[in-house]
Amino acid sequence: MLKLRSTASSLLKQYRFISSVVTTTSSEASTAEGKKDESSSDVLVKKQWAGSKRKNQRGVTEDGLGQAYIGFNYYPRFPGQEDPPYEPSKVFMVQRIRSLLGKPYYEKDIFKSLGLDGKSSKLAIVANTPSNCAKLWKVKHLIRVTPISLPQDLPEDGDLSGARLQENGELRFIPKLKNATSTSTYISFRINRKFFSSNTLRHHERTRPRCRPHHHPLSPPVDKS
């Protein structure tokens with residue numbers, strides 16, 4: 001009985017070993033066949049991506065599913081998907097739409113280099129260059145990028161007194177704003193020291209005594225004679 005048990009156990013071990021070898025060989029064969037039976041469309045797409053490169057494109061990624069640009073890799077939503085042809089803008093209008101509280105130091109350094117580390121209402125005009133696009137790509141979840149469209153009839157003399165940048169990124173030249181009087185009035189209003197800012201007025205309203213209104217900064221001077 002002991003001999004029968006030992007032979008049965010040895011046969012069971014051999015059967016398990018043979019079955020495991022067969023399954024591994026079959027799986028390897030199936031994977032090899034799957035690699036050989038790769039669809040011709042995917043091969044054509046990879047060849048097209050490898051052959052036709054856009055500006056600032058280094059080539060195809062290692063997995064063959066994305067496009068390697070300078071500073072980042074782009075993976076389309078569908079294989080072989082390409083954006084429609086368009087003329088890229090030379091300048092971007094960038095605005096920060098999220099707070100920098102709790103953000104890592106390298107993102108704060110990028111905003112500091114762009115001049116957007118202050119108020120969120122501040123705008124920055126950034127040139128469309130590979131280095132700037134690499135910076136914007138790293139903080140794309142914190143900013144709003146609007147391409148600036150330049151008009152066809154740019155002034156040849158370089159006079160930008162009537163230029164106004166709209167919220168949609170459209171740069172317009174308004175002839176009525178070229179008037180020298182309106183421009184000088186606007187500049188004198190900005191540099192005139194007699195006008196109080198909103199923060200100054202709020203500070204004086206909080207600190208002035210209620211029973212003595214003549215101490216208000218806008219009150220006329222009191223004649224003590």
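Residue positions begin at 1 at the first shown residue.
Glycine is no exception: its Cβ is also placed from the backbone N, Cα and C atoms.
Record features (TrEMBL):
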COMPBIAS  202-217  compositional bias 'Basic residues'
DOMAIN    94-143  domain 'Large ribosomal subunit protein uL30-like ferredoxin-like fold'
REGION    202-225  region 'Disordered'
Fill in: Mean per-residue pLDDT computed across the domain 'Large ribosomal subunit protein uL30-like ferredoxin-like fold' (94-143)
93
Worksheet entry | Composition by DSSP (helix, strand, coil) of residues within the domain 'Large ribosomal subunit protein uL30-like ferredoxin-like fold' (94-143) | 19 helix, 9 strand, 22 coil
